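After the structure tokens below, expect a handful of questions from me.
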Amino acid sequence: MGENEDEKQAQAGQVFENFVQASTCKGTLQAFNILTRHLDLDPLDHRNFYSKLKSKVTTWKAKALWYKLDKRGSHKEYKRGKSCTNTKCLIVGGGPCGLRTAIELAYLGAKVVVVEKRDSFSRNNVLHLWPFTIHDLRGLGAKKFYGKFCAGSIDHISIRQLQLILFKVALMLGVEIHVNVEFVKVLEPPEDQENQKIGWRAEFLPTDHSLSEFEFDVIIGADGRRNTLEGFRRKEFRGKLAIAITANFINRNSTAEAKVEEISGVAFIFNQKFFQDLKEETGIDLENIVYYKDCTHYFVMTAKKQSLLDKGVIINDYIDTEMLLCAENVNQDNLLSYAREAADFATNYQLPSLDFAMNHYGQPDVAMFDFTCMYASENAALVRERQAHQLLVALVGDSLLEPFWPMGTGCARGFLAAFDTAWMVKSWNQGTPPLELLAERESLYRLLPQTTPENINKNFEQYTLDPGTRYPNLNSHCVRPHQVKHLYITKELEHYPLERLGSVRRSVNLSRKESDIRPSKLLTWCQQQTEGYQHVNVTDLTTSWRSGLALCAIIHRFRPELINFDSLNEDDAVENNQLAFDVAEREFGIPPVTTGKEMASAQEPDKLSMVMYLSKFYELFRGTPLRPVDSWRKNYGENADLSLAKSSISNNYLNLTFPRKRTPRVDGQTGENDMNKRRRKGFTNLDEPSNFSSRSLGSNQECGSSKEGGNQNKVKSMANQLLAKFEESTRNPSLMKQERRVSGIGKPVLCSSSGPPVHSCCPKPEEATPSPSPPLKRQFPSVVVTGHVLRELKQVSAGSECLSRPWRARAKSDLQLGGTENFATLPSTRPRAQALSGVLWRLQQVEEKILQKRAQNLANREFHTKNIKEKAAHLASMFGHGDFPQNKLLSKGLSHTHPPSPPSRLPSPDPAASSSPSTVDSASPARKEKKSPSGFHFHPSHLRTVHPQLTVGKVSSGIGAAAEVLVNLYMNDHRPKAQATSPDLESMRKSFPLNLGGSDTCYFCKKRVYVMERLSAEGHFFHRECFRCSICATTLRLAAYTFDCDEGKFYCKPHFIHCKTNSKQRKRRAELKQQREEEATWQEQEAPRRDTPTESSCAVAAIGTLEGSPPDEPTSPKRPKSISEPQHSDAEGDAASPLPSEWTSVRISPGEEAAGQDVLAVRVLVTSEDSSSDTESDYGGSEGSHTEPCEEKPWRPGSPHLPHTSLGEALSRAVSPQCPEEPRAVHAALQRANSFQSPTPSKYQNWRREFWWSLTPVNKRTMSPPKDPSPSLPLPSSSSHSSSPPSSSSTSVSGNAPDGSSPPQMTASEPLSQVSRGHPSPPTPNFRRRAVAQGAPREIPLYLPHHPKPEWAEYCLVSPGEDGLSDPAEMTSDECQPAEAPLGDIGSNHRDPHPIWGKDRSWTGQELSPLAGEDREKGSTGARKEEEGGPVLVKEKLGLKKLVLTQEQKTMLLDWNDSIPESVHLKAGERISQKSAENGRGGRVLKPVRPLLLPRAAGEPLPTQRGAQEKMGTPAEQAQGERNVPPPKSPLRLIANAIRRSLEPLLSNSEGGKKAWAKQESKTLPAQACTRSFSLRKTNSNKDGDQHSPGRNQSSAFSPPDPALRTHSLPNRPSKVFPALRSPPCSKIEDVPTLLEKVSLQENFPDASKPPKKRISLFSSLRLKDKSFESFLQESRQRKDIRDLFGSPKRKVLPEDSAQALEKLLQPFKSTSLRQAAPPPPPPPPPPPPPPTAGGADSKNFPLRAQVTEASSSASSTSSSSADEEFDPQLSLQLKEKKTLRRRKKLEKAMKQLVKQEELKRLYKAQAIQRQLEEVEERQRASEIQGVRLEKALRGEADSGTQDEAQLLQEWFKLVLEKNKLMRYESELLIMAQELELEDHQSRLEQKLREKMLKEESQKDEKDLNEEQEVFTELMQVIEQRDKLVDSLEEQRIREKAEDQHFESFVFSRGCQLSRT
């Protein structure tokens, strides 16, 4: 018997194994039947079947399966199979979801029957599995049934295999499965229940099937159909036509096939190039494609209909999708060919053969189907009751919620629904009342569509049927029983009315958004808002709005700082309307529906258009309390939350605009202009300054470090706003008109606009400030004078309210900059101001000429079709040069006595300025306002030039601006002179579109555009479907497009390059270049006349260009939405871009380049409100300085300006001699002004710049534009750079001097005021980040690459105290730009041009590279001396010297200690404190140290004065002190330090300490590594710096708060750091630092002294992936030499010992070149372990990092100096390297898996966004169609039937509100898509950088290093862009939260109650 038993057991095991291994449905059933017969089991005994089967099959394989199934069945919810013992369930459909539901019900003990109409599982389609799904299937023994299940990194499975697994489990658990049985319908219980009680049954096919008598209590529909079970209404989600093709190819499992990588998906959102390449090569046009490898090679793709028609796949085109895809209309052969071609291309032709697998019909397994519409059931369950029998009806799977296939949601959400349904059945069996049961089920169903792998619980082990274990924050009662009464279907209930709908809780958002609004309400609201405004009487929605005053009144009502209502002329309807349209679009994202010209020309504006337009204001502002001006100002001054400061009104109404638009109103402007304020509040101007002071950039006292954080955020937002405004206002003729009009009026609109004191007295320019002493105290006499001028200017420009207001704000802030410190200097300023007035007068003359030229150039843009002469003539006729307000302004404001500050930004003294390529204009209103943080609204150019001498405040900046504007205009020859500098400039463009039809004519198809379907961009109106790329015809979105203003064409991002390279553009460029050369000649002749003005103007122009918003580049508010693509936004590229003169006509409408770069640059300029204007001045200075070396010569007010001196310099000099502080303030003001008003480069220049970059991809960023010596050379730096105004001191632009001699530049401090002599080299971009001195080692450019403001970087490098200024003779133009040095040579002040730079740039002086040797040596020595000697040396030196590393210094460099050299400490304790503060900021590597020179030029006290300043506690002062701080470490150095910190534990421990180290490292290293690798992101965001000490301001000489600058400037570090950076990569030692620089991605390198926490926080802010540092650790192992170089952070090596120490460290690695016999130094004590996780690192990933750390530590331990190594280094190295290799492989594998998972997450998000965008588009199209129908009826063009006009209008209004919501939603999706695209790009760049760093340093050549630098720089830029997006989203979130709170309080105040759902 025993043998028989054993045999039976063996046989049973074999039969069971056959069942488990069955590979088909039929085979499985057959094996199961054999098994049950063999074991004598009854399958119908569902309660005992599993337990009997388990007892009879006891093989070890079976036991493993039983263990898993028992573990699942042990959940308490099942109650050991007794929860639902009396329940009978019928499941229709045997798919994965139906079977999974059956398994759960079987565990509950229910009787489960599954009917499946097929008898085969033939679907090879592959499903993506979520992590929880994989875990769940493993728990059911999936591995036992299918050994390959999710092996390795596989996370997908074919439907067939999944069905087999679940099928077998269900059979084992006693589920009754019937195949070849089709469900027909449910049969109700018969009415005759007396004889026998028959319950619910079903009808099947075949009709005689035994199941026909089966009665059940629960029926579940799981067949994927939409109408199998009655009673479920469906919601349709219609997207664009989506045709999916699935193809399965035979998988022969060959080695070649195994090597082919799968494609988890390619999303069009962030990989458009792939699809465009596919289309070009094969003609196949797809939207996405996925490739999975399983039993087959499975491809699924979404094809575009036109592509299918072109390839002959679809024979005829039909509108009806069913007809389109019917078998008769599909060519099967072409379909097979289409699928094969796509598969080949997607796999890069690596699959050896693509033979189609066969389906169950014996045909090639290729299918085409439509999923244009996806459906979801409105409800998940219902209860039917008949004859006292209740039936629970439920849906699961696709029947419940149809999935979007690329997302992989079908299986995951299907399983979740199965669990929820089983939970419901359990409750049903326990007697829960039907309504409660249904309410709970619906509550869960509402969560289902929102579930993602990220928002469900991560602890899969705890998953049970209970929804609380799966859904976090579950509210299972959000749906109330009364809300589901309609789901309880019974005769008795049908007659009962449902409860009032009002009782249903609605979310606050819904309640508010859906409030019932009628046109009458709209009219009443408008009347209320415009009540009390002069000349405004709203009686209707048409004629009352014709003058434009009513629109302006509404905007002024809620945002008084945006419009100067008092300056508006009632008769000028065109400009009033255009102003309102432009401000609304720029600030609120409300697109115009017509133009100002049309509004004024029509007798009665179109009612429908007005209803639609005004409704957007209503939705935006309704319920918004007016914010008291004073409180607003106070909040702003206190750095109150930006979003709150906005007063709950988002900058972009519909989120339509991207970050640039969202920027908070950071300007210091008050809610109202001074006049209004006085009128409403009764405050005198004297009081106003105090209000502004808190906001003013320069107010050190009020803007304490506590405000810094707020300021930084403001800076970002302001930068964004500036960009948007700058671009938008680029072509606003209306502004010019407005200015003209205002000037004509001549009444002093705002007497006090310039300065508070001035306001009261309106003193003459010469007069000192009037008596108001308190305010006077802040104001310099010059300020008063300029104030007067400003007032006059303002009068002229009163029309441009925006301008006037900014002026005021700026003036105030400037005055404050002067602060009390300036009070003493008041008397001295007057003479200077007067002297300035003379300069200004000369400037004016020059400007007039420039303006004339500029008008001609503008004509080119506007009328590109004509030749230049014709264009000029046309412009002259249109705008009349004589009319320019310039003359008026000049005469009025710029008298000799007065330095009338052209600052009055409005009319900018020179009309040209205002007209200046809307550069100024664009910058003007909008920008200015945004800039207004500083309060400046001048044209950027004006401000820059003016501010130095005029007054610290408005005047000085005004003058600088005027000069700069002139230069910009001249150089950029942008638009016609827009007279109004106000934001209207853009409006002007739109008002008078030269080549446009009316707003009701489509720009593309020339057909009529009805109001509801009208879209607008760049002043054009068009249909949605007409808005396509000119090349590929891809439909464009308002948030993502590029525009060539010359040709009037729109492009998609990938094809924008086309407009840069086509021949027409080249020709145009050539013409422009010639023109510019002629202009340059003219300018040279004029230069002597202009003197400084010329120079400053040039600088200004450069700045403008840097700003990057090419004047031509019209920036629609929407364009700001789109973030420039990384490739376009290369700040470096921009920097390298040709001078403005070179910039060619192409303009990227979305501001691809300009946008990204501009935003950065602008951000820098605007950066700190609290920061003194210095910050901005730094920018300006950098521009000037970088262009050429300058010596600063003290300038005496009496002395004439040197011909080459920049106006800014002259001004600063005039001021500086007497009072360093005053000059400082003045300089700051100037800089700020400059920064704000950088003229934008002409589009031509932009084009040229981009083209130039494209020619030299690697070096383009570092290269200067090809020999473009235009005098006004805007810094090549990216537009963003341009934003920074040239500091007065650095303003001198070498390029400015026509002769090529660079105008002298003044250093920031008067004593230093040195003008470096140099030849004007085209200003190379300050960002030389990438540029490396030819002789110098290539280092990772400072963080600057990120920021468009490289200019600062230049300065930064030069810390006057640390790096001596090189002798003027020595300095080349590059040298002049110390900031650049940090970029190129982080350590050196001199910028070494890339080799390319040197070539391309025209150097009047010797090339940097040649200088590198000598100068560097001198410099290094000098630097050292300076380091030790402190500021004194700096004073002595007039020029910057380049530092050359001596061998000793090189070794010093290797001392990676962050600590400052003792000499430095001893030299200046103050410096140390400053430094620490700076480091506290996070010591951004990228931070260029502020141009030390510039700060001084600003009037910053000399280093000697530093001590006194430092004593002052204000951050600004500290910042000044910072200048003196030792030069920042080069990024390389910083990186090396960071790396050292992270790796030192590995390197430094001795053998004995290895174990301890391994433990510690596992904890410490990850955090450190994180810090090292990625603090980049945060620094970019400008947030981290603020968080730290006030020292963060250090980067800027004057304004500590300037966040933007901060980001760019390098932390000031001991100069010793620079030596290595400066030294050429001759030795390995030098290479290491260089390598390190490249390796480290961290922007901020905290000092070693800083606690690790700060580093960690920086890292977290970056949100970079753990993988990056882990991989970095691995890479670091390969570089043993580097590793050894890192010393303990605390250990200091004296310079003399550093070489020896280095050699010792390198010994173990046998670096033959460095190896020495010296014994290795003892290991330093291990640093305290940092917190367990770095801010950004996920705790869950920490273990991996720990492993990495351990591995690396052990690996490094061999290499690290240890006793073992000393005795037998070779042996230990070999052994450990083997271990390391194994671990590395393991880690690499894990890393790849993590990378893939992250990629998948992004992919699914992208695909979901893509689908949602398509759905929104379809809904918009549907609403547009309906809107057109209504519009025709309202206009009498169609029969309206029985509806009267009131009904139609009401319907129209509802439609308008619906469309507004859709637009809002679309804008949010687009922002999400953009962020996702940047995230993906960042991830790829990180991976690329890691791969490059894996290469041994010794094997890298110059090309490798350059590529590494480029990748690093690009990565920085991407991070910067992501930060901006995230900030804008956060702003929006806070704003909406504030709105909700306000709404709730409003509701509660009326005794109502709201509940959220």
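Using the three backbone atoms N, Cα and C, a Cβ is placed for every residue, glycine included.
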Labelled phosphoserine in Swiss-Prot - which residue from S631, S804, S956 would that be?
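Checked Swiss-Prot: the phosphoserine annotation sits on S631.
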Where Swiss-Prot shows C97, E116, K117, R118, R123, N124, N125, Y298, D398 binding FAD, which of F49, F183, F237, F345 is named for the same site?
F183
Labelled region 'Interaction with MAPK1' by Swiss-Prot, one stretch among 524-563, 564-603, 1324-1363, 1844-1883. Can you tell me which?
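Among 524-563, 564-603, 1324-1363, 1844-1883, the range Swiss-Prot annotates as region 'Interaction with MAPK1' is 1324-1363.
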Mind checking which of C1002, C1005, C1026 has the fewest other CB atoms within 10 A of its CB? They're the binding-site residues.
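Comparing Cβ neighbour counts within 10 Å for the binding-site residues C1002, C1005, C1026 gives C1005.
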Can you check how the pLDDT averages out over the region 'Interaction with MAPK1' (1324-1363)?
38
Measure the Cβ-based neighbour count of H1023 (Zn(2+) 1 binding site), defined as the other Cβ atoms within 10 Å of its Cβ.
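A 10 Å sphere around the Cβ of H1023 (Zn(2+) 1 binding site) contains 18 other Cβ atoms.
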Taking the centroid of the Cβ atoms of C1002, C1005, H1023, C1026 (Zn(2+) 1 site), which other same-chain residues have Cβ within 8 Å of it?
Y1003, F1004, K1006, K1007, V1009, F1022, E1025, F1027
